[in-house]
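S.K.: Here's a structure for you.
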Amino acid sequence: MAGSRPEAQDHPPENGFTPLERPAPRLLPHIDGCVLPSLGGFGRHQKQLVVLTWIPALFIGFSQFSDHFLLAQPNGTCVSPAGNHSNWTGPPLLASGAPALQLRANGTAEEPGDSAGLLCACEERRLELQTGLLQNVVTKWHLVCDSAWKVHIAKFSLLVGSIFGYLVMGVMADWFGRHPVLILSALFMLVFGLSVAFSVNVTMFSTLRFFEGFCLAGLALSLYVLRIELCLPGWRFSMTMVASFLKVGGQLLMPGVATLCRHWPIGDDWQVLQIVIISPFVLMLPYVWIFPESLRWLLATQHYKRSKAMMLRIARKNQVDMTTEASGVLAELEQELHKKPQRSCIVKMMSTRNLWKNIVVLCVNSLTGYGIHHCFARSMMDPEAQPTALCHTDYYTMAGIAVATCLALCPAVGLMGRRGGLLTFMIITALASLLQLGLLNLIGKYSLRHDTVLRDTLNRKFSVAFSIIGMFSSHAVSTLSIFFCAEITPTVIRGGGLGLVLASAGFGMLTAPIMELHNQKGYFLHHVIFACCTLLCIICLLLLPEPRGQPLPESLADGETFTRQTLLHPGEQHLLLVKYERDYSRVHDTPLHLTATGGATAAVATALAAVPASYALATGGEVIGNCAIANGV
């Protein structure tokens with residue numbers, strides 16, 4: 001138009017320089033805020049994949065609790081006592097000429113009349129199970145008395161294999177991707193799991209169980225990471241808790257599965273049970289084609305060519321028009337296609353300032369939670385109960401406590417957040433442990449000294465009550481610590497970080513077979529140590545950030561800035577941190593300050609006058625007029 005003038009002429013650049021335009025913020029690093037919402041958010045495609053991660057959780061529960069049936073200790077009956085029956089000084093013989101004896105948890109003999117070792121002295125023994133099976137590994141190879149230590153080695157093998165699996169598979173998941181680890185773990189789980197059923201001796205059984213635990217750990221870890229990375233912030237915890245419920249469901253269904261395998265016509269029933277709990281993993285073989293790689297991991301490690309194809313596939317399944325909804329993300333992705341992938345390892349965590357501390361705190365929490373859980377379980381068991389009642393009652397009690405924990409975690413975390421819920425359950429664990437260790441001794445020492453029966457009854461009831469509360473809270477601590485780590489660890493090292501916390505949980509689980517191997521010697525000290533660890537954890541938990549509602553960190557830089565929120569309001573914190581540029585040109589000295597500075601100047605001049613000129617020149621100074629300036633003064 002004739003009357004219009006260019007905008008540049010109306011506002012000429014100051015000082016002859018054109019102001020630089022700020023670059024547009026990048027969209028690809030903000031996966032929860034930009035990328036996934038542009039692809040339909042938590043749409044149909046993501047929900048289908050999350051359901052696929054739930055299905056194996058039931059089978060993982062079967063495998064993790066199979067030791068309770070494959071390696072259960074049987075009741076023993078002495079069929080042929082050593083020596084002549086006329087010289088038998090043990091308990092009264094049964095109709096078959098055999099005294100009924102029981103086995104301790106470590107496989108040695110125990111009789112109600114305190115005749116330990118009588119069963120081991122028998123020439124011929126009959127072992128009977130009370131766990132739903134007619135025969136298991138212990139009864140097949142007679143792993144009692146002098147061979148009882150082999151049972152504990154078999155229990156160690158699965159847990160130690162899981163520990164190594166969490167560490168190794170976590171690193172591989174960060175380096176090669178989540179999908180390869182998932183498929184390889186499922187494939188070798190079938191190979192080693194089915195081979196366990198055809199073991200010819202206990203050595204072969206223990207060795208194959210080690211590799212079974214290794215593959216089981218890789219399977220559980222990869223599914224956990226994939227489930228977390230598929231969800232938006234509002235869905236992460238609820239989707240994880242559904243998987244936890246299914247895992248506990250496998251624990252509850254395991255006795256029924258063992259009972260169904262009891263009268264199988266072909267083979268030993270323990271072999272049938274092993275095949276039954278491993279065979280469902282065949283359903284995971286089609287995951288090679290139907291389960292994709294994690295889009296979050298592809299973007300975080302700069303696999304942009306694979307990311308583009310993945311984004312187009314997700315948009316098509318979620319029925320999203322990429323030309324309108326995700327045009328900015330695709331345009332930026334096109335500009336980044338030339339970049340090479342960059343992988344990371346958990347070792348890089350040591351170069352951070354805050355991230356490694358958070359992971360170490362969660363590792364200690366997980367170790368303490370699972371370690372003290374066994375202490376509470378041991379206190380809950382009634383040593384005077386019959387083996388049948390002891391087996392079924394304790395097993396279902398622990399499973400029921402796990403269900404109650406999952407039910408309580410959902411509202412607790414919803415109200416208090418991740419850090420608040422974890423801190424609350426850790427405080428409950430510490431209180432239950434300290435009261436169980438201290439209050440029961442006070443009851444026996446300062447009250448009811450004459451009524452021993454009432455005192456023992458109260459001690460027993462209080463011990464069971466505190467044990468149930470402690471098992472409940474310690475299970476919540478362990479579950480929440482693992483989930484907490486998955487949220488605060490960056491995507492590039494999430495597999496390794498989660499593997500460390502899960503491996504720490506495995507070390508906590510190892511305390512159970514270790515105590516059984518030593519016949520519960522040192523149990524009280526064991527409980528005291530973990531009780532002290534709970535107090536330490538309470539202090540350390542205050543240093544953790546609150547990840548509720550926050551996007552997952554993608555890079556190490558994101559994880560480093562993911563720190564604990566201060567007690568101040570964000571606006572107040574900003575006022576403390578902002579730097580103001582003040583103008584002090586019109587600020588004049590007060591008369592008192594002028595007098596003080598004048599006196600100081602005169603004193604300095606007098607001191608300099610006393611410095612010889614030759615000394616000033618010798619030390620690099622100079623003479624200006626009659627004044628010697630030494631060292632630049």
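Each Cβ is built from the backbone N, Cα and C atoms, and glycine gets one as well.
Pulled the feature table from TrEMBL, pasting it below:
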- 100-548: domain 'Major facilitator superfamily (MFS) profile' (DOMAIN)
- 1-23: region 'Disordered' (REGION)
- 156-176: transmembrane segment (TRANSMEM)
- 182-202: transmembrane segment (TRANSMEM)
- 214-235: transmembrane segment (TRANSMEM)
- 272-290: transmembrane segment (TRANSMEM)
- 395-415: transmembrane segment (TRANSMEM)
- 422-444: transmembrane segment (TRANSMEM)
- 464-486: transmembrane segment (TRANSMEM)
- 498-517: transmembrane segment (TRANSMEM)
- 523-544: transmembrane segment (TRANSMEM)
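Describe each of these features in terms of where it is and what it packs against.
M.R.: Here the transmembrane segment (272-290) has Cβ contacts under 8 Å with residues 52, 55-56, 58-59, 62-63, 66, 69-70, 133, 182-183, 186-187, 189-190, 193-194, 196-197, 219, 254, 257-258, 260-261, 264, 266 of the same chain, all six or more residues outside its ends.
Remote same-chain residues near the transmembrane segment (523-544) are listed as 357-358, 361-362, 364-365, 367-368, 371-372, 375, 378-379, 419, 422-423, 426-427, 429-430, 433-434, 436-437, 484, 488, 511, 515, 564 (criterion: CB distance under 8 Å, separation of at least six residues from the stretch ends).
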S.K.: What stretch in 182-202, 464-486, 498-517 has the biggest tally of Cβ pairs under 8 Å against the transmembrane segment (156-176)?
M.R.: 498-517
S.K.: Same chain only, please: residues at least 6 beyond the ends of the transmembrane segment (214-235) with a C-beta under 8 Å from a C-beta of the stretch. Say none if there are none.
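M.R.: Sequence-distant neighbours of the transmembrane segment (214-235): 32, 36-37, 41-42, 46, 49-50, 53, 56-57, 60, 63-64, 158, 161-166, 168-170, 172-173, 178-179, 181-182, 184-186, 188-189, 192-193, 243, 281, 291, 294-297, 482, 486-487, 491, 494-495, 498-499, 502, 506, 548-552.
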S.K.: Please work out the mean pLDDT for the residues of the domain 'Major facilitator superfamily (MFS) profile' (100-548).
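M.R.: Summing pLDDT over the domain 'Major facilitator superfamily (MFS) profile' (100-548) and dividing by its length gives 84.
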